[in-house]
Structure formats: structure tokens, C-alpha cells
Amino acid sequence: ADPALPPSSPMSAQEPPRPPSAAAEPPEPEPGGRYEAVVPHWFYCKVTDTRERWVPFSAQDSERLEEAHGSGKEQDEVVVPTSGGRYDVHLRARQRIAVYWQEEVSEVRRCTWFYKGDKDNKFIPYSESFSEELEEAYMIAVTLDEWKKKLESPNREVIILHNPKLMVHYHPVASSDDWVSTPTEQGRPRTVKRGVENIAVEIPNGEPLQIDHLVFVVHGIGPACDIRFRSIVQCVNDFRNVSLSMLQAHFKKAQEQQQVGRVEFLPVNWHSSLHSTGVDVDLERITLPSINRLRHFINDTILDVFFYNSSTYCQTIVDTVASEMNRLHQLFLQRNPQFKGGVSIAGHSLGSLILFDLLTNQKADPEEDEHLAQGSRTTSSTGSIEEVKEILKKLELSEYCDVFEKEKMDRQALFLCTEKNLKEMGIPLGPRMKILHYISSKTEMKHGDCLMNKSEHPLSQVSANYPQLNYKPSIFFAFGSPIGMFLTVRGVKRIDPNYSLPTCKGFFNIFHPFDPVAYRIEPMIVPDLEFEPMLLPHHKGRKRMHLELKEGLTRMSVDLKNNLLGSLRVAWQSFTRAPVPALEAGSTEAEAEAEAGMEKQPDTKAEEPPAAVKEETPLINVGRLNGGNRIDYVLQEKPIESFNEYLFALQGHLCYWESEDTVLLVLKEIYQTQGITLDQPLPGSQ
């Protein structure tokens, strides 16, 4: 703590007996009548790396705290929810306590007087009791118009009220926490200010009280979630703050009509419970002493991936994630009994894989299962006979199609066939061998090659007992996700287009183009078709300037090439006076190539001719994993990032927390489930 601050613990311990509190209320008007009571504002103390920072509560929170303080109920335990209900302030103890996660308790202070700190020129509030002394001295000085008032702080430092505009705190040069110096005016003078309105501090905006939707956010590997090594709690705070500003910018109409409040994002931490199993001590014993920092970094982060692939620790991780999400959901409902909204889940990196595995192992309602089964039966009866014809055509055995159709053989029946059955059907030995070889090769692959709507676990996951969630998520958002890679490594070659997550209808795979950990999902559903991911619209409603420029230059170069070829052809024809078919053919090829070059521009995210894009996208059927809608969404890189992909690779993996484009897609999809749309649809969005 700063030496000029009185020790906080004894002060806060002696809070209840506070006779001079009347000084905060407007006193009897004195003959001078110029005195007005100071308006208090409530602050809390944030400690980062042993550095204290005093942060103001929002205006609404401060008013609520002041109201509770003024009601005189401080002898009882009064608890005031603040920061959107995520922190409780215990008024009597002057403590701010996190509700949903573990965090150091913060000291809370009712602040009226401040002095400028040494290190970062930020203003620091005096203790409540000393502020009252200062206020009393100020009141007397103003009323009697007698200035040059000298006061001694609890640290025996001198404060002089020269006049209403100039008040100085003299900080002794030689003083330190361990030495008590005599009060002196010699030393560094520091500015003293009265009232929060006179100090340069940004008071945060409050949050809307109405919560429309709840999103649980699961972190990836390691305890740090971004380039600044911040925790999941800090990163989710950023995501929430960006969402509040995006709501104001893009849902103004709905906000004015009070259709929209806000979306609550809550972090889910599993790393700490995994590393509290004693595994760190075991790892410590076997870790080599060289390159110490790097090895500890690996033990703390990358090993999480290996832990997840081990059945022992995988069970710990999925149990922690599921039980934490169920606990948070229950606690949230207890604290928000009026909440009627839905719940979605989001995962970053490895967190998205954990959620995907959990979701694929949820049990749907029996009625839903029956409905799905009926649906698949109706499609299979006609579709599968056609499939058998396709298989026979592939094996060059089309002449036997009628035999199979007559016997009502669909794909499922074909795969149950034995040699005896085929012989009874009158199929000769050669074709019989071909068919049986095809069946055996496909059944071997089938042990993990396709993700189907089956009750058994089709994903070749690590054997674990996957817990059930207490709710059905509306949408699953994956940020920078390696799901595609893990499925492929597990032997899943393709995802059945009819497959959908049992309890979750929406799935979005969002990634930065340079994210080294991210993989696509759609090519696993539609392996035979090459197509680009959906380009995430820029939140300001247009494409980033450098992408437009890149596109414009590409188009210009193609036009120049075409014009040049055209003029050369005309010149050559007039020169030779004879048709030159070879050159014409060559030029048309070159033009076709140029046009193909134009079409191959989705990498430069061609959104300029929206007609072309819009014609193409609906034709791509990416199955039922996201209810028939597109799954893969790519962010637009920033201009500086396009200079060096490798340099920005790590940043690409950790950029999602502050990405307005990502947040806006999340909000758009969440509110679409409630029938609420953006004020203006963004170009290029689905």
C-alpha cells in the first residue's frame, strides 16, 4: 500500500462506529452559505502484481451502495449486488466478493477526498475516516473563509488547504513504510482533490438489468488465455464489454423498444482443478532442470492437450467442465429468478473440443430420438436402394441392379449380406467376391470413419463417462478450434450430413485466417466440394480497406490483362491479314484463365459482386450440424497482419476476446433465436 494511505485493515475494522458521518450530509447552513457537501463515489481496490489500483463503481452501482449506506442498516449484514450481479459488496465489511468464480476479495471504500500517487499519477482515495476530517476542515475553512488550514494525516504527513482550488499533501522525501518521520512541509508536494468530479477518472457505464441470454465460455490450454497472459475471467470481461458496445451500436431500435437487455457471459475454469490433482508435483520430479522457464511453460500449457487424451485426466476435465457449467447455471437461476432466456456455450481452442465431445455424448429426449429415427427411416427406404445401385455401378456390376431391387436390398441389407445370401440370389462367383471385398473394406473403415446419429459413441473418443448437462444449449460457438483435426486423428474421415448434436441445434466454427490451431469442419461433411468458409462481415458494415484494395488491384490486373490480350490480338490480325486460330484459342484460354483467376478470389474474400457469392452459398448443403446453415466463418485479417502471416499466427489464435466481428456474430445468432435482428443487416452475412 502507498505510505500516504492509512493502513486499510484497522480502518475498515473500525468502520461501524462512525460518529462524524454527518459531515457527509449537508450540515446546517452557515452564515457564509457557500459550503456544499461533497458527493461521495464508491471505489474498490484492484491488486495486480502487488500494485494497487482504485477503480470506480458504475454510477448505478455507486448510487445503490450509497442508498444502502444511507439507510443506516450497516449494523446488519447488507449485501449489494454490483457489476451486473457478478460481484457482491458486503457493506459492513467493505468487501467486494466474486459470485461465480474464485478471486481475491477487494477492499471497498466510500470516497470523497483523493491525492495524486507517486508512481502513475493516478488519484488515490484517503481512508473514509480521514476524508471526514478533511471534509470537516474544508467546511470550516469555506464557511469562515479562513484558509491555510494545516492537517496531519494518520501517517503524520502534512496536508495544507491553501484555498478551494489549491490543496497540497507534503510527502516526506526520506520516508518509507518502515520509518516514521516527523510532520514537515519539506518534501514533494502532491495535489489533493475533493470529490470524484475533480479527478481524471472514467466512471464506467452501468449494464442493463435485463438479461436475455446466458453464455458459458470454456478456456483452452493453460491458465492464460491471451497474448497478455490474462486469465479466462479477464478475457471474458473484455468479451462482455465488447458485446455491450456492439448492442448499443447494432441493436439500437430493439433497445429503444426494450426488446433487448444484454447477454451475460460467464467463464468456466477447468485448468486449476486439473492441476490440483497432484500431477504438477509428479511432473516436477521428472522435469529436467535445463531451460527451466520453457519446460515449466510447457508443463503448464501444452500438456493440457496430452492430459485430455489420457483417459484418467480426460475424465477429470469433462467432469469439471460439466459440473462447473451445471453449478454456474443453477447459481445464476437462483440469483436471477426472472430469467426466461436460453443458454449457449462457447469454447476457445481445446475448450471447444471438450464441449464438442460433451455435446456429442448428451442424451436427447426419447421423443426427439423417435422423431429422428422416423425421419431417417423415410429417407433410407428410397435413398438406400439408389445408394446400392451407385455401389454396383462403382464395382462395374450394374447388370445386377434389377436383382438387388427385386430383393428390396438397401444399403443396410447389403452390408449384412453373406456369401451364401449372394449365392442364393444367383450372383456368380466373380461379382460375389467383388461385393464381399467392398463390404469388408467399408466395415473396417466404419469403426470411426463417420460420425452418425447413433446411440453408441461413434467418435473414437477417449473412453470416459461423459456427464449430462442440466439444460439444452441453443448454440455452440467454437473459437480457434482444433475439432476438425482431432476428429481426423481419431479416424473420423467424414461427418454424416444428417448428423446433428443431440441437444444443441446450432454450431458455429469461427477462426482467424492465420490461427495455427484452427481447422475447418465443413469439408468433413462435404468432402467432394471445394468451397471457401463464410467471410465474417466487418462490424462497421464494410470490408476492411486493405482487402477491398487487394480485390480492386486483382480485378484491375485481370482487366488490364484482358485489354492487353484483346489489343494484341487485333494488332496481330491486322498485321497478318489472316485468321490465326491457334492464337485465338490461346487468347480464349488466357481469358478463361483470367476469369478463373477472378473466380478463385474467395481467398481475397470477394464480396464485391455479392450476386455471385449469394448465388453460390445457398447451393452448398453442409448438412444438419448447424440446422442446414453454414458452419465455418473466417475473420478478416487486419492490414498489419497481412504483411506477415507467421508473425501474427499466435496473435491470430488469441484475438477472439476483443474481436468486435466475432462478438457481433455471436449476438446476431443469439438474438435471431428470439426473432430480433440487427438494425441494418451487414453485407455478406448469411
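In case you wondered, yes, glycine gets a Cβ from its N, Cα and C as well.
Between the stretches 1-35, 351-385, TrEMBL puts its region 'Disordered' entry on 1-35. Secondary structure of the domain 'WWE' (28-110), assigned with DSSP and counted as helix (H, G, I), strand (E, B) and coil, comes to 15 helix, 31 strand, 37 coil. On the 0 to 100 pLDDT scale, the domain 'DDHD' (469-672) averages 72 in the predicted structure.
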